[in-house]
Amino acid sequence: MQTWEDPTLERHFKGHKDAVTCADFNPSRKQLASGSVDKTLMIWNLAPKARAFRFLGHQDVITGVQFSPLGNLVATSSKDRTVRLWTPSMRGESSVFKAHTAAVRSVAFSHDGQRLVTASDDKSVKVWSVHRQCFIYSLNQHTNWVRCARFSPDGRLIASCGDDRSVRLWDTSTKHCINCLSDCGGSATFVDFNSSGTCIASSGSDSTLKIWDLRTNKLIQHYQVHSAGINSFSFHPSNNYVISGSSDSTIKVMDLLEGRLIYTLHGHKGAVVTVVFSRAGDLFASGGVDGQVLMWRTNFDTKSYQDVMHQHSRRSTPDSPPHLSDIHPRGAHLHHPKPMAVQISPAVTDTLSTDPHVIELGQAVYSSTLLTAQTHAARSSVERGASGGSCTAGGQTGAGRGGGGRREEQRAQTPSLDAVSGEASSLDSVLRHVVLQLDILTQTVSVLEERLTLTEDKLKECLRHQTQILRDVRAPRARRRSDSEDADESVRPT
């Protein structure tokens with residue numbers, strides 16, 4: 001007798017221009033963040049007909065993304081060797097963390113939100129302070145690229161894995177590696193703790209998913225249900241399920257109580273690069289090389305643990321004994337896919353909304369707008385000549401004096417994305433008008449900057465001409481003075 005309700009595809013989000021590499025739900029359950037090969041961070045509002053926001057700033061592929069525990073910050077890692085800490089607001093501001101010397105592969109918050117941990121191709125794991133926004137210390141025993149690092153729920157441990165085929169456990173107080181699990185058959189691609197911190201799991205390029213019990217230091221479950229490498233996985237908050245995304249284009253759902261595959265989900269065209277449960281476990285998201293972010297409703301977690309076990313006890317033909325219901329299992333078992341696993345191939349139809357309107361934010365937007373405005377300004381300045389440039393230089397100085405006060409006023413009035421997404425269409429038109437006015441202001445400032453630059457160039461040219469004229473005037477005088485002195489010397493009596 002079936003004890004689960006099937007997962008269903010609820011939404012799809014289209015806006016990335018290349019493969020989606022990472023995703024995470026806001027703890028508020030109102031937003032979903034995703035990063036991509038297109039170098040952008042997208043924040044999708046889950047309310048119907050709400051807008052999406054694209055944040056620009058990274059110079060290369062975004063490899064990891066995670067909301068802070070309070071949901072007020074978003075951390076991203078990138079192949080551009082940096083980590084960015086974003087304040088998800090209309091200003092699109094971010095702080096840049098630099099210490100790694102190679103691509104940064106993952107980023108994660110500690111559960112108290114005070115620390116960040118990152119993994120990098122420079123073979124190191126680094127820990128950062130969120131409040132002070134600085135690097136604290138580094139962990140350096142991996143012998144190849146480090147693919148992923150995560151804090152334990154209590155913050156006392158860090159788990160990391162990488163291309164050296166090892167999973168390492170670090171003590172955050174002593175900074176020492178206290179355990180190395182090195183029986184991976186290929187590169188270890190992802191690692192994470194379950195919500196209670198009693199187990200860790202790792203996935204590999206050899207298509208395996210392994211779960212270790214940290215209390216007994218033993219491998220307790222070993223799944224080989226994919227036909228290609230596993231790129232990501234996520235524990236359900238109840239610790240009863242785990243989902244995995246693979247290069248075989250599928251998402252698998254495993255029941256950890258029974259130790260078997262229960263669902264295979266088809267929705268992406270190409271490799272599934274990232275999967276993640278929401279904090280409540282009622283939703284999960286997936287992203288792939290097709291550039292889509294799919295949001296699924298879990299459904300199979302609706303029954304409580306007691307209900308599931310009661311239903312199991314009433315089965316006339318029970319399955320194999322569960323592996324995780326016993327704290328100290330006798331040994332690890334390799335789990336292969338079974339015919340009873342349910343295949344789900346949903347038609348990807350978004351009934352809640354059309355593709356959302358996307359608003360671009362961040363420094364790259366300002367830079368590109370400024371560059372375009374400067375190009376137009378240069379043309380107009382050349383046409384107007386030097387007279388127009390000299391009369392606007394003072395205006396630039398005046399704008400500079402008032403800029404600080406305006407910036408503080410803008411910062412105080414900047415709305416959060418969550419608040420903006422829930423407003424009515426009238427606010428939408430107001431915001432469009434504000435964005436238009438900001439564009440005009442940006443172009444005006446650019447024109448002033450360009451004119452000031454032309455004025456400075458002309459002043460420098462005038463100074464050079466004046467200096468040359470003075471040299472030309474002084475040279476004959478000096479020669480005449482020298483000739484006069486020589487003549488006086490010659491007529492002087494001996």
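Backbone N, Cα and C define each Cβ position, glycine as well.
Any TrEMBL annotation is an automated prediction that lacks curation.
Model, not experiment: these values are computed from the prediction.
TrEMBL annotations:
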type: REPEAT; residues: 13-46; note: repeat 'WD'
type: REPEAT; residues: 55-86; note: repeat 'WD'
type: REPEAT; residues: 97-130; note: repeat 'WD'
type: REPEAT; residues: 139-180; note: repeat 'WD'
type: REPEAT; residues: 191-222; note: repeat 'WD'
type: REPEAT; residues: 223-264; note: repeat 'WD'
type: REPEAT; residues: 265-296; note: repeat 'WD'
type: REGION; residues: 307-335; note: region 'Disordered'
type: REGION; residues: 380-420; note: region 'Disordered'
type: COMPBIAS; residues: 386-403; note: compositional bias 'Gly residues'
type: REGION; residues: 474-494; note: region 'Disordered'
Q: Tally the residues of the repeat 'WD' (97-130) by DSSP class, grouping H, G and I as helix, E and B as strand, and everything else as coil.
A: 0 helix, 19 strand, 15 coil
Q) Out of 13-46, 139-180, 265-296, which stretch has the largest tally of CB pairs under 8 angstroms to the repeat 'WD' (191-222)? A) 139-180
Q) If you count Cβ pairs under 8 Å, which stretch among 55-86, 97-130, 265-296 touches the repeat 'WD' (13-46) the most? A) 265-296
Q: With a Cβ cut-off under 8 Å, give me the same-chain residues at least six positions beyond the ends of the repeat 'WD' (265-296) that come close to it.
A: 7-14, 16-25, 27, 29, 32, 34, 36, 42, 44, 46, 228, 231-238, 243-253, 343-346, 348
**Q.** Tally of DSSP helical, extended and coil residues in the repeat 'WD' (191-222)
**A.** 0 helix, 19 strand, 13 coil
(Q) Mean pLDDT for the repeat 'WD' (265-296), rounded to an integer? (A) 96
